[in-house]
Amino acid sequence: MKALAFLCILFATTLKVKPLLHLSLSSSSSSSSSSPTSPQRSDDPQHQQSYDFYSQSCPLAEQIVRQSTQFLFATDARTAPQLLRLLFHDCFVQGCDGSVLLEENIEGGRTERDAIPNQTLKGFDKIDFIKDLLEEACPGIVSCADVLVLAAREGVVLTGGPFYPVFTGRKDSTRSYYETAVEEIPSPNHNVSTTLMRFASKGFSPRETVSLLGAHNVGSIDCDFIKNRILNFSGTGLPDPSIPTDFLIELATNCSDTSGSRLVSDSTSTTTTNTAIPYYQALSPLLASGNTFGTHYYGALLRGRGLLFSDQQLMYDRKTTKLVEAYASDDGFTFKRDFARVMMKLSSLSGSVVSDQGSPRLQCSRLN
Ligand code: HEM
């Protein structure tokens with residue numbers, strides 16, 4: 001009902017079109033994708049994806065996603081980084097198929113959400129909210145995989161990042177890949193060569209990997225991911241020797257269990273927390289606050305101020321160091337251009353198991 005009310009307000013006030021529920025919308029979406037004028041994904045014909053895939057079957061789909069993401073972002077700016085991370089974890093495991101959203105699996109087994117790297121994912125409720133709106137407007141048409149791709153793109157734009165075009169028409173997965181998620185999602189404890197290998201296995205070059213990791217210029221990171229670097233690096237009982245002393249003190253202060261009164265502000269949110277460090281503040285304490293999607297992530301790495309071990313590792317390979325230096329010295333144009341391109345590539349990853357691809361799920365967390 002909440003979703004329906006939101007939808008009515010959305011369309012009554014902004015779009016000035018007749019109520020969506022009164023529109024007669026065809027439930028056969030596939031015909032729209034075969035228009036000779038709409039570009040098709042040439043590399044993956046089975047998916048029959050195209051720009052504006054829903055132009056006939058659910059003409060307002062992209063607008064609904066855009067406006068509802070804007071609404072969610074206005075309510076909680078953490079929405080944008082949450083959706084961006086969610087997209088990465090979806091697309092990296094058997095392609096962008098919405099499988100990370102599932103709370104149940106085909107044989108009742110564990111799901112991707114149970115895998116350790118996914119246990120800290122957030123933003124599922126936001127995808128559900130957007131999907132509910134789409135189901136009110138055009139039942140059974142828009143896939144959860146597309147919702148995530150479109151909403152994440154919107155989130156990037158809302159934080160000041162680049163717009164990039166994405167195909168739509170993805171199929172939703174009919175299963176969740178727990179083991180693959182455990183095996184393939186990179187770890188914050190990986191060194192640079194393992195990180196590069198993980199990304200190379202999905203077709204990303206070192207340059208693309210470094211630009212993709214620039215996503216870490218927005219959002220926050222829980223102290224749980226930093227504590228070992230401060231207290232017991234690689235079981236030595238000592239801090240990570242690569243952390244500069246002033247930064248180590250900052251990290252220790254912000255992540256101290258007794259720091260209840262030391263609340264830190266998320267760069268993209270007015271919400272405060274004492275267990276998470278915002279990338280923006282921790283990495284660039286001298287910058288004025290703001291929501292700007294920029295190159296501060298790379299500038300911070302140059303100064304040894306990467307929050308995650310895997311982030312800072314980019315400075316331990318000649319090729320990636322050069323790329324970090326290039327992005328850090330730029331006014332942001334090159335990074336944003338590269339980031340837009342690599343996000344298109346990430347959003348286009350597809351899985352190898354075609355038999356696991358089905359029609360749009362009605363609820364993103366449940367199998368139809
Ligand atoms: C080596 C690869 C990567 C590793 C090891 C990694 C690891 C992590 C970890 C541990 C966090 C903190 C989560 C938490 O505190 O709950 C995080 C946050 C985040 N990651 Fe990554 N990540 C990687 C690559 C990426 C990529 C490629 C993207 C997107 C394209 C991405 C987007 C994000 C975002 C936006 C956040 C902030 C989430 C929030 O504020 O809710 N990450 N990442």
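Each Cβ is built from the backbone N, Cα and C atoms, and glycine gets one as well.
The region 'Disordered' annotation in TrEMBL covers 27-49.
Here TrEMBL flags 48-368 as domain 'Plant heme peroxidase family profile'.
Secondary structure at Cys58 (disulfide bond), as computed by DSSP, is coil. Around the Cβ of Cys58 (disulfide bond), 26 further Cβ atoms fall within 10 Å across all displayed protein chains. Under the heading disulfide bond, TrEMBL lists Cys58-Cys138 (among others).
Annotation comment: TrEMBL describes Arg85 as site 'Transition state stabilizer'. Remark: Arg85 (site 'Transition state stabilizer') has Leu121, Lys122, Gly123, Ala215, Gly219 as non-local neighbours, by Cβ distance under 8 Å and separation of at least 6 in sequence.
Just so you know, the Cβ of His89 (active site, proton acceptor) picks up 20 other Cβ atoms within 10 Å once every protein chain is counted. The active site, proton acceptor annotation in TrEMBL covers His89.
Glu112 (Ca(2+) binding site) has a Cβ environment of 28 other Cβ atoms inside 10 Å. Annotated Ca(2+) binding site per TrEMBL: Asp90, Val93, Gly95, Asp97, Ser99, Glu112, in sequence order.
Neighbour list (Cys96 (disulfide bond), Cβ cut-off 8 Å, at least 6 residues apart, same chain): Leu87, Asp90, Ala145, Leu148, Val149, Arg170, Leu346, Ser347, Ser348, Leu349, Ser350. DSSP assigns Cys96 (disulfide bond) to coil in the three-state reduction, outside any helix or strand. Here TrEMBL flags Cys91-Cys96 (among others) as disulfide bond.
What TrEMBL lists as disulfide bond is Cys144-Cys364 (among others). According to its DSSP assignment, Cys364 (disulfide bond) is coil.
Listed in sequence order, the residues of the same chain lying 6 or more apart from Pro186 (substrate binding site) and placing their CB within less than 8 Å of its CB are Pro117, Thr194, Thr195, Arg198, Phe199, Ser310. Taken residue by residue with DSSP, Pro186 (substrate binding site) is part of neither helix nor strand, so it is coil. Per TrEMBL, substrate binding site is recorded for Pro186.
If you look up TrEMBL, you'll see His216 marked as heme b binding site. In the three-state DSSP classification, His216 (heme b binding site) falls within a helix.
Under DSSP, Cys255 (disulfide bond) is assigned to coil, being neither helix nor strand in the three-state scheme. As annotated by TrEMBL, disulfide bond applies to Cys223-Cys255 (among others).
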- [ ] Compare the Cα of Glu112 (Ca(2+) binding site) against each of the recorded positions Cys58, His216, Cys223, Cys364 and report the nearest.
- [x] Cys364
Open item on the list: Near Cys144 (disulfide bond) in space, meaning Cα within 10 angstroms, which of the recorded positions do we find among His89, Val93, Gly95, Asp97, Ser99, His216?
Closed with: Asp97, Ser99
Open item on the list: Looking at the recorded positions listed here (His89, Ser99, Cys364), whose Cα lies nearest to that of Cys58 (disulfide bond)?
Closed with: Cys364
Open item on the list: Please check the recorded positions Cys58, Arg85, His89, Pro186 against ligand 1 and give me the ones with CB under 6 A, sequence order.
Closed with: Arg85, Pro186
Task: Overall pLDDT of the domain 'Plant heme peroxidase family profile' (48-368), taken as the mean - done: 89
Task: Neighbour tally for Asp90 (Ca(2+) binding site), based on other Cβ positions within 10 Å of its Cβ - done: 30
Open item on the list: So if I measure Cβ to Cβ from Ser99 (Ca(2+) binding site) and keep only same-chain residues at least 6 apart in sequence, which ones fall under 8 Å?
Closed with: Asp90, Val93, Glu112, Ser173, Arg175, Ser176, Tyr177
